[in-house]
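Peer 1: What follows is a structure written as structure tokens; I'll ask about it next.
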Amino acid sequence: CKPPGSPCRVSSYNCCSSCKSYNKKCG
């Protein structure tokens with residue numbers, strides 16, 4: 001999974017925690 005702070009898309013679940021919609025980053 002992607003570590004916190006990594007860029008992500010809210011529609012994908014590849015973060016270790018969750019993708020934050022306000023900054024489009026994990027964690």
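The backbone N, Cα and C atoms fix where each Cβ goes, and this holds for glycine too.
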Peer 1: Quick test of reading the record: Swiss-Prot lists a disulfide for C19. Which of C8, C16 is on the other end?
Peer 2: C8
Peer 1: So C1 is in a disulfide according to Swiss-Prot. Which of these is its partner: C16, C26?
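Peer 2: Answer per the record: C16.
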Peer 1: If you compare CA-to-CA distances from C15 (disulfide bond) to each of the recorded positions C1, P7, C8, which comes out shortest?
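Peer 2: Nearest by Cα distance to C15 (disulfide bond): C1.
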Peer 1: Using the alpha carbons only, what distance in Å do you get between P4 (4-hydroxyproline) and C26 (disulfide bond) once rounded?
Peer 2: 5
Peer 1: Could you state the whole-number distance in Å separating the C-alpha atoms of C19 (disulfide bond) and C26 (disulfide bond)?
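Peer 2: A Cα-Cα distance of 4 Å.
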Peer 1: Where does P4 (4-hydroxyproline) sit by DSSP, helix, strand or coil?
Peer 2: coil
Peer 1: Among the disulfide-bonded residues C1, C26, which residue has the fewest other Cβ atoms within 10 Å of its own Cβ?
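Peer 2: Relative to the other disulfide-bonded residues in C1, C26, C1 has the fewest Cβ atoms within 10 Å.
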